[in-house]
Amino acid sequence: MYSLYVPRSTVFFVISVVTDFVLPFQLHTILSMFSIVIAVSWGTRQIAIEAFISSMASLDIRSLLVFSAIFRVILIVYGEWQDAHMEVRYTDVDYLVFSDAAALMAVGDSPYKRTTYRYSPLLAFLLIPNSYIHRSWGKFLFSASDILVGYFIYYILKLRKVPENMCNYSVMVWLFNPFTFTIGTRGNCEPIVCALILWIVICLLKGNVLQSAFWYGLVVHFRIYPIIYSIPIILVLDPNFFPSDQKPVLRNWSAVKGERPKDGSGWHNLHYLFKSIFTWNRLIFGLVSGLVFLFCTGLFYCLYEWEFLHEALLYHLTRTDPRHNFSIYFYHIYLHYGHDTSVVEKLISFLPQFLVQLVLIFCFAQDLPFCIFVQTVAFVAFNKVITAQYFVWFFCLLPLILPWTKMKLRWDGLSCILLWIGAQTHWLMWGYLLEFKGKNVFLQLWAASLLFLAANIYILVMIIRNHKYASVFKALEYANTKKAAKLEIVGNRSVAEYIISSSITKIHILRVKKLIGSMEKACIPNPFRLQFHTAPTFS
């Protein structure tokens with residue numbers, strides 16, 4: 001007698017899948033988690049991961065947000081316990097700097113009396129409740145911004161008509177990424193910046209140029225790096241996409257055929273930008289965002305004078321950090337720290353970053369989310385200083401491009417993930433030997449930085465090659481008014497030419513042709529004959 005052997009872990013996996021369909025949310029979640037724990041105990045980690053992903057993806061967006069919010073609250077509570085009972089603190093050192101600056105502002109002093117506070121006073125103002133409510137107020141604020149980023153990702157994808165299950169998978173890439181959920185719960189302010197950037201994208205997708213300009217000026221004041229998004233935003237405010245009398249029309253996810261940018265399209269964009277730069281929407285965006293930035297900067301300059309201007313803005317432009325970090329420039333800075341460096345040397349270090357930014361902008365500006373994603377990856381990879389928190393800058397944009405990628409998780413996607421993590425782990429090994437063991441491994445650490453840069457470049461190229469490129473908005477094409485259609489009237493009267501305005505559409509022409517056809521069928525002489533010298537084009 002034969003019997004079929006089925007692993008117990010597989011049974012529990014099947015149970016978790018069945019619960020996706022037949023059980024309510026509460027019981028389904030309990031049983032799914034229970035089956036996953038048991039599957040792990042039998043060593044089937046791959047099945048456990050698949051069960052977890054499938055069970056989470058089957059939830060709606062509200063359940064995902066609630067689950068991730070509870071998870072972050074648990075991490076914040078655990079962080080308080082670890083800070084009190086363990087030698088290694090869970091809380092980020094920067095959070096202590098934020099809290100001290102907020103305490104100084106609460107009593108009327110300058111936040112810049114706290115050394116190493118190099119942020120906008122707005123951040124210290126947001127954390128004033130740390131001194132009156134609880135010291136973890138800021139962590140809850142940053143984690144709430146983290147959750148808001150997840151909702152904004154979902155909202156942007158739904159605006160572009162992405163299917164529900166694909167939206168959930170994309171949101172999970174942010175909400176359950178270890179790099180992201182630890183950033184906010186440890187007390188880093190980057191989730192606020194990420195939420196503001198995604199809100200600007202939402203405003204642009206909905207055609208709210210004035211509102212996007214206001215928030216863009218504010219976020220550049222709050223954190224200087226989003227200034228790199230100014231050119232692609234100006235480019236995407238094209239009159240063909242943003243006509244002055246109507247809202248832009250979004251291109252749906254299902255309509256994307258993955259066309260590649262045409263050769264020379266970047267130079268065409270550059271030529272067209274200078275040719276028609278002074279459009280209403282571009283002027284509004286530039287003026288409003290510039291005024292908001294100048295107002296905030298001028299206000300805090302009046303309050304804190306040169307100290308604010310240097311610490312919050314100028315420091316980040318001239319920053320030279322001799323401590324080891326992921327950047328390939330750290331070793332050169334370390335060797336020449338304390339020596340006078342010429343302006344030419346400083347400009348040369350920015351040159352590769354600047355050139356790569358220009359190439360990416362003029363190649364992909366019409367696909368705005370993809371453009372700002374590759375911009376951010378390149379900006380971080382070629383930056384003079386790279387810390388782990390900078391990775392969050394592009395992690396919040398990654399879910400926006402996943403529905404348009406042709407890269408499969410197996411094997412190209414998995415190889416990119418393993419390469420990035422492996423290169424970073426290799427760097428951290430040498431960093432540990434230098435920082436905690438005191439070994440002289442600067443040269444090896446610099447070589448690890450070069451390897452990490454190469455890994456980032458390779459992954460960026462892979463993402464670009466596998467992306468289904470498409471403009472976010474549909475172009476609105478109009479007939480040329482100077483080359484209008486020509487109408488000839490044949491009969492006893494002389495030939496006359498009438499200029500037909502550019503508002504003639506294809507529907508109007510079809511109606512005229514239909515009328516002529518009915519006249520010919522009824523044997524009625526046709527006194528009109530349409531001859532188009534230039535056929536109008538239509539989208």
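Glycine is treated like the rest: Cβ placed from N, Cα and C.
Fair warning: this is a prediction, and the values are worked out from it, not measured in the lab.
Over in TrEMBL, the protein carries these features:
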type: TRANSMEM; residues: 12-40; note: transmembrane segment
type: TRANSMEM; residues: 61-79; note: transmembrane segment
type: TRANSMEM; residues: 140-157; note: transmembrane segment
type: TRANSMEM; residues: 190-207; note: transmembrane segment
type: TRANSMEM; residues: 214-237; note: transmembrane segment
type: TRANSMEM; residues: 283-304; note: transmembrane segment
type: TRANSMEM; residues: 354-382; note: transmembrane segment
type: TRANSMEM; residues: 388-405; note: transmembrane segment
type: TRANSMEM; residues: 417-433; note: transmembrane segment
type: TRANSMEM; residues: 445-464; note: transmembrane segment
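Contact between the transmembrane segment (388-405) and the transmembrane segment (190-207) holds: at least three of their C-beta pairs are under 8 Å, each pair 6 or more apart in sequence.
Within the chain carrying the transmembrane segment (283-304), a Cβ under 8 angstroms from the stretch's Cβ atoms is held by residues 110-112, 120-122, 209-210, 212-214, 216-218, 220-221, 230, 233-234, 237, 312-313, all 6 or more beyond its ends.
Long-range contacts of the transmembrane segment (445-464) within the same chain, counting only residues at least 6 positions beyond its ends with a Cβ under 8 Å from a Cβ of the stretch, are 324, 326-328, 330-331, 374, 377-378, 380-382, 401, 405, 407, 412, 416, 419-420, 422-424, 426-427, 429-431, 434.
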